[in-house]
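Structure first, commentary second.
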């Protein structure tokens with residue numbers, strides 16, 4: 001009764017009792033409750049009843065039975081002075097005060113199997129026009145239910161979990177379709193006098209928007225009395241909204257794991273591949289009204305969630321795309337944070353609408369070395385290799401062909417004389433230019449200085465040949481002042497040098513001996529060699 005008084009009425013009551021009547025509403029309410037617990041006089045009790053009758057003229061005053069601060073019966077405080085939460089919790093209330101059971105259905109939760117309905121969906125309605133509302137509910141457990149909860153206890157370390165749980169759910173009072181979990185604003189729940197932990201608020205998506213709690217049920221198993229004789233009470237307080245009402249319900253459920261849900265999805269079977277082929281043909285069908293025609297579709301075989309190859313390709317029936325995601329990862333992620341949103345199109349993809357794609361299962365089994373495919377107009381598909389792999393294959397083949405062509409085209413002389421000099425192409429040969437002086441070694445970026453012309457030769461006169469081809473490569477280097485750094489030119493240089501030496505020893509050296517009448521004795525021959 002005191003809880004339903006307004007600020008002006010609380011000030012009148014405190015002033016009548018000789019207490020300080022200044023402060024905010026919650027301060028005045030605290031002072032009035034302390035006044036009642038301290039034992040007020042009959043005159044103060046009559047004043048409270050008078051103010052309450054003025055506030056609610058048609059309100060019936062119940063038989064004075066009381067509760068103390070620990071919610072146990074006490075003759076000191078009349079129940080009519082403690083407000084509507086204890087009045088609604090009494091079993092002898094008139095039938096008009098009982099909560100209404102609308103035809104509200106809540107959405108089925110995939111990870112929870114409903115075993116029993118402890119409290120049917122009940123409207124959170126009050127009999128006054130106050131903004132802050134409060135209602136009390138009660139339920140009792142049967143011996144079988146107590147046995148189910150007790151036998152499902154799992155104590156691991158310091159945490160105690162139950163696979164069979166007592167679950168509290170809130171939703172909007174709408175009967176058009178099954179409702180998802182929705183918490184009233186400023187909700188506060190107490191189970192058997194103990195506050196219940198609620199899901200934390202989500203960060204607001206826009207500035208100025210009131211934060212909301214995530215849509216999920218509340219596990220109150222640890223606060224429930226596992227007894228068949230003592231009932232359990234739930235006190236719910238919230239802020240009412242104009243034009244919107246809420247409902248609550250309590251269920252006995254059994255929690256399931258992601259592996260169980262995956263097995264259930266497999267048991268539903270694999271969808272016929274013809275359905276996916278028909279969808280491909282529909283997407284690639286030519287539109288006569290459009291100037292742009294789509295002739296192919298590229299689809300990845302990697303899961304958009306884990307960026308790994310698909311193992312169990314699935315998607316929702318409500319999705320219009322062909323891209324699939326891995327069923328194992330999707331169910332495991334929703335086990336931690338249940339959102340059930342498609343990772344491809346960001347639309348709702350509930351567990352009941354998931355299907356395993358048979359066409360993608362065939363593709364994954366037949367194409368093991370490719371991560372992307374291309375669908376064609378007739379419903380067929382072809383693997384798509386990445387650009388990196390294609391470039392590497394083409395580069396390696398082009399490199400082999402280039403080496404072969406260079407050996408056969410640019411080195412005909414070496415190939416004809418030595419047979420094959422392609423091996424020299426792969427070897428790095430260090431070339432020392434003897435035409436450069438020592439000062440040019442310090443500066444590699446500058447060009448070597450020009451060479452002086454031979455004083456015996458005029459610039460216009462042709463070079464004089466002595467009848468031999470020795471030192472031809474050296475003379476060529478002297479004349480051009482360039483360094484031959486290609487392996488083919490180096491091979492030519494060494495071949496010509498060897499040919500010069502061979503010519504001198506075979507042809508010129510005997511003629512020289514004959515012209516100078518050398519004897520072919522060992523000592524004269526040694527002198528001749530020394531002469532050379």
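The backbone N, Cα and C atoms fix where each Cβ goes, glycine too.
Model, not experiment: these values are computed from the prediction.
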| remark: Candidate ranges 464-488, 489-513; TrEMBL annotation transmembrane segment resolves to 489-513
| request: Report the mean pLDDT of the predicted model across the domain 'SAP' (2-36), rounded to a whole number. | output: 78
| Of the residues in the domain 'SAP' (2-36), how many are helix, strand and coil by DSSP? | 25 helix, 0 strand, 10 coil
